[in-house]
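Please read the structure below before turning to the comments.
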Amino acid sequence: MESAASHIIVRTPVIDSIGELYETRGLGKKSVVLFDENTRKLYGDKIIASMQRQGFRTVELVVPARETSKSVSTAWKLYGQMIETDVDRSWNLLCVGGGVVGDLGGYIAASYYRGIPVVQLPTTLLAMTDSSIGGKVAINHPLGKNLIGYFHMPALVLIDPAFLRTLPAREIFGGMAEVVKYGFIADRKFFDMLAEHWDEVTRLEEPWISDAVSRSAFTKADVVEKDFRETSGLRATLNFGHTFAHGLEKMAEYRNLRHGEAVTIGMACALYLSYRLGFLAEAELNEGLALIARFRFPRNLVNKRFISLDLEELFDAMHSDKKKIDKQLRFVLLDRIGHAFLHDREVPKADVLHAIDDAQRWFSEKR
């Protein structure tokens, strides 16, 4: 497999050189451009005009800006639009948006004509640092999130931190969950930088925000390159906090709780579980929680979507997670800040429930 990092370009403004960048990857200038309703309104005219000036032929597709767009019915509709406009395997697909557009577009690209190239142009912090990188693309099923999909590496990931300036604070803090995750699982120095310059990063100040985005993106790319299909357990460490998070998202019926918010809560649960099982020292537990305490949530969200939840119901919801094997939940844990591992033994249910309860109590005290 080619280096995942070699496909990542971090540049402002990135769209002005898209033709040149496509040429470096051997991509043609016939592009289906997939937006959601928000990204089409914010960036669509500028992106399409720039591409056409650079000699591109484009077909635009637009989907609603919500998680429910990641569905078989939406994909089927988009396939039809592509067929009707004579899109063949000589085309590529450019995804302009956050995780929903990136996942949906990647899924369509992986399956259309048995696979056409996909280029990711992420516009959210979460997509820039996580979902656009690594080639995992999927749609949802009523019984679980991201259950139907492919591994389909993007030909390019074009990251422009300037897009972040249009985002509300809730989106920034949601994206910071994945940024902080990389410090927890792989880079103690990065964790320390985030702790020291949290305000500058979350205010999108330079050079801090570009540094945080770049380090996150290239950390994920490095992990993906070493374990593309999750055979060694290394790539699974990218799911730190996610087993809990997917249960939270399912209980919220994939509404009113952003993925990054669920991951933030999930990381607190995972810290407590790492400590309860004897892997993480108390001092590092507290250090990790201190950084999580700096996240901001909408009023009453944590109480409604986590603190008030029944432990048993959340535990049951977690079993829809893709990381379980033979109905056994698998957890990514820390043995120190900066190093994670996939715990390949069954964790007693009582310990999982205690960790959730500890996190509920901690969040309750912090609110």
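Glycine is treated like the rest: Cβ placed from N, Cα and C.
With His242, His259 listed by Swiss-Prot as binding Zn(2+), the candidate from Glu178, Glu346, Glu365 annotated for that site turns out to be Glu178. For the binding-site residues given as Lys145, His242, the lowest number of other CB atoms within 10 Å of the residue's CB is seen at Lys145. Most buried of the binding-site residues Val101, Leu164, judged by other Cβ atoms within 10 Å, is Val101. The two recorded residues, Asp103 (NAD(+) binding site) and Glu178 (Zn(2+) binding site), have Cα atoms 16 Å apart.
The Cβ of Glu178 (Zn(2+) binding site) has Leu125, Leu126, Thr129, Asp130, Ser216, Gly260, Val263 as same-chain neighbours under 8 Å, each 6 or more residues away in sequence.
Note: the Zn(2+) site is recorded as Glu178, His242, His259; in the same chain, Leu126, Asp130, Ala177, Lys181, Gly241, Ala245, Gly260, Ala262, Val263, Gly266 also have Cβ atoms within 8 Å of that site's Cβ centroid.
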